[in-house]
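Novice: Structure provided below as structure tokens; questions to follow.
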Amino acid sequence: MVDTKKQSFQNMLDYVHLYRLKNKLHRETADNDRKIRDNQKRVLLLDNLTQYITDAMSIEEIRAIIAHMRDDYENRVDDYMIRNAELSKQRREIRQKMAAHKQAPTVKTTD
């Protein structure tokens, strides 16, 4: 009986270890995916910039293009930050509803 409990406990510890390892690998994979995506975007940005810039352009014209692109990206960042705030608010509301469900007494029926 004692050996069975020890084995059961060990199995649970192994399961927790594997679950944490799986989550760690998932986070690392997601992080690598973000890095790949970011670098692909940088390559695309440089390609786009190369298309806009010609040999006949002055430095001022090139700076104007870069400034315009920067403004566009800053606006996108602001939009994403606003969207994240909205999503955080929704998540907070859902957590509160879930907590309320946990606090609600359960009604047991007898047959």
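Here the Cβ of each residue, glycine as well, is placed from N, Cα and C on the backbone.
Given the structure is predicted, the values throughout are model-derived calculations rather than measurements.
Reproduced below are the annotations present in Swiss-Prot:
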{"type": "COILED", "residues": "70-104", "note": "coiled coil"}
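How about a rundown of where these features are and what they're close to?
Specialist: Same-chain residues lying 6+ beyond the ends of the coiled coil (70-104) with a Cβ under 8 Å from its Cβ atoms: none.
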Novice: Please compute the mean pLDDT of the model over the coiled coil (70-104).
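Specialist: Over the coiled coil (70-104), the predicted model scores a mean pLDDT of 89.
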